[in-house]
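This is the structure I want to talk about, given as structure tokens.
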């Protein structure tokens, strides 16, 4: 894996703050990749499902709702999820404060492509690639043995404490959600967790995304189209500014976040484990000229050093294994080299292409 970026890193936030009237060429996407701000689906009021987890946990009908959302969309919003609302607001606010710090303070945590940990502004190491209009901060969270304390920001005050508290609440949510997803697939509650490597062996990471104002939002993206490489993603969205779009057929649906909701999406590893019953779905982020956005993505992933393939009970004569097994660390390394690229990586594992 590369240990340095192919070109000098430029903070997109700093670039935006200079008041540039146009988007520099390195951020201008090819015409077919540029954002769509109004789609037929959005105009028709089509939105991803919203699940009240009080109606889901431990209830047969709840399992059917989860399965329907995962099969039809690969995305859903959840309310009454158990994560403290005030904690959600405080950790989001702390990260917003971090990104308002002077650039020299943020650069103390500058990242490199070997681990991605820390403060950065690009994904992938392909030279001369078209870049996204965003900055981010990436942290390893689980297992705790791989955390790098030197990469955890010390400013603003209490941000480390908030990261720890938020991470712990979302970890518990992921464990419960993994049981529910397992049952929704017709498996024993603990089967999916076992396939991920076991509760104390799973991986997790946190990426905070910062999307600055953009002078020409129609020419670029905050995050290019991709599916998430891991197991499950729990997103704490910016409630004030929309931007996340989910692919629906040939178009895109802009998610309208519900107050105090978290957004769940299926990752590539769960698509593989479910033998294609549940599918990771392409999504992207659009930017705007008037407001900045902050969101927090918590990635719940398989243990990195075990092969991940279709769960045995989900392989039948009528539905043979669709994917080649692959270790998550190998899969993630390929993603990190290429950067966001639709669903090309998971599709490359299909046994009958």
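Each residue, glycine too, has its Cβ placed from N, Cα and C.
The following feature annotations were taken from Swiss-Prot:
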BINDING   207, 332, 336  jasmonate binding site
BINDING   209, 211, 293, 295  2-oxoglutarate binding site
BINDING   226, 228, 283  Fe cation binding site
DOMAIN    202-302  domain 'Fe2OG dioxygenase'
Within the domain 'Fe2OG dioxygenase' (202-302) only, compute the mean pLDDT.
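In the predicted model, the domain 'Fe2OG dioxygenase' (202-302) has a mean pLDDT of 97.
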Under DSSP, the domain 'Fe2OG dioxygenase' (202-302) has how many residues in helix, strand and coil?
9 helix, 44 strand, 48 coil
Measuring Cα to Cα, how many angstrom lie between residue 228 (Fe cation binding site) and residue 332 (jasmonate binding site)?
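So the Cα of residue 332 (jasmonate binding site) lies 10 Å away from that of residue 228 (Fe cation binding site).
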Expressed to the nearest Å, what is the distance separating residue 283 (Fe cation binding site) and residue 209 (2-oxoglutarate binding site) at their Cα atoms?
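Given the Cα positions, residue 283 (Fe cation binding site) is 14 Å from residue 209 (2-oxoglutarate binding site).
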In the same chain, outside 207, 332, 336, whose C-beta lies within 8 angstroms of the Cβ mean position for the jasmonate site?
116, 123, 138, 205, 229, 299, 335
Find, for the listed binding-site residues 226, 336, the residue with the lowest Cβ contact count at a 10 Å cut-off, counting only other Cβ atoms.
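Ranked by other Cβ atoms within 10 Å, the binding-site residues 226, 336 bottom out at 336.
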Inside 10 Å of the Cβ of residue 209 (2-oxoglutarate binding site), count up the other Cβ atoms and send me the figure.
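Neighbour count, Cβ to Cβ under the 10 Å cut-off: 25.
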Within 10 Å of the Cβ of residue 332 (jasmonate binding site), how many other Cβ atoms can be counted across all chains shown?
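Around the Cβ of residue 332 (jasmonate binding site), 24 other Cβ atoms lie within 10 Å.
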Checking the binding-site residues 226, 293, 295, which are within 10 Å of residue 207 (jasmonate binding site) at the Cα level?
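So the list is 295.
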From the Cα of residue 226 (Fe cation binding site) across to the Cα of residue 293 (2-oxoglutarate binding site), what is the distance in angstrom?
19
Can you tell me the CA-to-CA distance separating residue 295 (2-oxoglutarate binding site) and residue 336 (jasmonate binding site), as a whole number of Å?
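Residue 336 (jasmonate binding site) has its Cα 20 Å from the Cα of residue 295 (2-oxoglutarate binding site).
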Ranking the binding-site residues 207, 283, 293 by other Cβ atoms within 10 Å, which is at the bottom?
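207, out of the binding-site residues 207, 283, 293, has the fewest neighbouring Cβ atoms within 10 Å.
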With the cut-off set at 10 Å between Cβ atoms, which of these binding-site residues ends up with the most neighbours? Options: 211, 228.
211
